[in-house]
Amino acid sequence: MYDAIVVGGGFSGLKAARDLTNAGKKVLLLEGGERLGGRAYSRESRNVPGLRVEIGGAYLHRKHHPRLAAELDRYGIPTAAASEFTSFRHRLGPTAVDQAFPIPGSEAVAVEAATYTLLRDAHRIDLEKGLENQDLEDLDIPLNEYVDKLDLPPVSRQFLLAWAWNMLGQPADQASALWMLQLVAAHHYSILGVVLSLDEVFSNGSADLVDAMSQEIPEIRLQTVVTGIDQSGDVVNVTVKDGHAFQAHSVIVATPMNTWRRIVFTPALPERRRSVIEEGHGGQGLKILIHVRGAEAGIECVGDGIFPTLYDYCEVSESERLLVAFTDSGSFDPTDIGAVKDAVLYYLPEVEVLGIDYHDWIADPLFEGPWVAPRVGQFSRVHKELGEPAGRIHFVGSDVSLEFPGYIEGALETAECAVNAILHS
């Protein structure tokens, strides 16, 4: 019998299991895969032997991500500044300026008016209340419709749409304007804060922090997929794929939201919550690391290509670099190397593409999706409730974070809440 069973070994599960263990609780962590870390996934590059790369979450900002900063300090995990952008090759229209902020002076007044509207709408969001509790349905519309209402000139319109595509992992007709505004609110109500959070990276990969946290958890079982959680009796029974069952007083579900529909909950979860879980969120974000020859250090490209953003990741050799591109898996097939080359050459016709590296999070049955991005109309219907306890079952992870959804910080935030709830129950 355990005091708590934690299902899932990403950062939320690791923090929950570690903190409960350090509070004197007997804890079992069950992870379905062969590794810990979840969507924070550092491994050797498939193209550059000996080079460690981040296939999943990679960036942090100490001001915006204080819990993650505290974990790094706790274990002495080194970080480095993210690649500084010093050269710009945008495709935003003939009047765009090739610099970090490419908006021409002729569009400044329109950008000022649109910025006012964006910040006004973002300030309607109280991060603690949940999007379903604030009468925000009028903002939960397709992003392209919202941007149309901003009446932006061509360059600033495309600049906004490109970065939104990068951050949300959805084309504008499928993305929710409310979710874009939620990200602005999460970054201290700063539009630039969303982009400037790409500030630091793990010097040696996120696995350093994963390994350090896991050392404080005595009992971890890998390749143990949970199929059922039954709290109808005096204790909570957790059943795994091979039929074995474990018992605990409390359970923390720390797996991605899109996998919860594969778990049989007894009794069933509340209907309103269950409907969104069955649908799954609509995130399709695709991060591709591209090995190239002939690219400048510090290059940044933003534009109307199938890669809305393409920028420097790291040096490989004097003439070779890794670039990172963002798009979505519904719009682009990363297995089509010809399409990858065309997408890169659209911005950088002088470079040679040598190889690509990525992880298909949607096809991976342990994730069934990348970082969270709701379908239009989902989170104004059910949002905060997704992360609320259901009896003795607690739900954590960056997918259900109110403060920092989609970030490691959000995973740590939700774990903190669940641990406090269990310790004070």
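Cβ atoms are placed via backbone N, Cα and C, with glycine included.
Reduced to three states, the DSSP call for Val226 (FAD binding site) is strand. The FAD binding site annotation in Swiss-Prot covers Ser12, Glu31, Gly38, Arg39, Gly56, Gly57, Ala58, Tyr59, Val226, Ser398, Gly406, Tyr407, Ile408 and is backed by experimental evidence.
Per Swiss-Prot, the feature (S)-6-hydroxynicotine binding site maps to Asn166, Tyr311, Phe326, Trp371, Tyr407. Taking the Cβ of Phe326 ((S)-6-hydroxynicotine binding site) as reference, residues of its chain lying under 8 Å away and at least six apart in sequence are, in sequence order, Trp165, Asn166, Gly169, Gly285, Leu286, Lys287, Ile288, Phe307, Pro308, Thr309.
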State the Cα to Cα distance, in Å, between Gly406 (FAD binding site) and Trp371 ((S)-6-hydroxynicotine binding site), rounded to an integer.
5
If one measures from the C-alpha of Trp371 ((S)-6-hydroxynicotine binding site) to the C-alpha of Ile408 (FAD binding site), what distance in angstrom results, rounded to a whole number?
10
Would you pick out, from the binding-site residues Gly38, Gly56, Gly406, the residue whose Cβ has the largest number of other Cβ atoms within 10 Å?
Gly38
Per residue, counting other C-beta atoms within 10 angstroms of the C-beta, which of the binding-site residues Tyr311, Trp371, Tyr407 reaches the highest number?
Tyr407
By Cβ count within 10 Å, point out the most packed of the binding-site residues listed: Ala58, Val226, Ile408.
Ile408
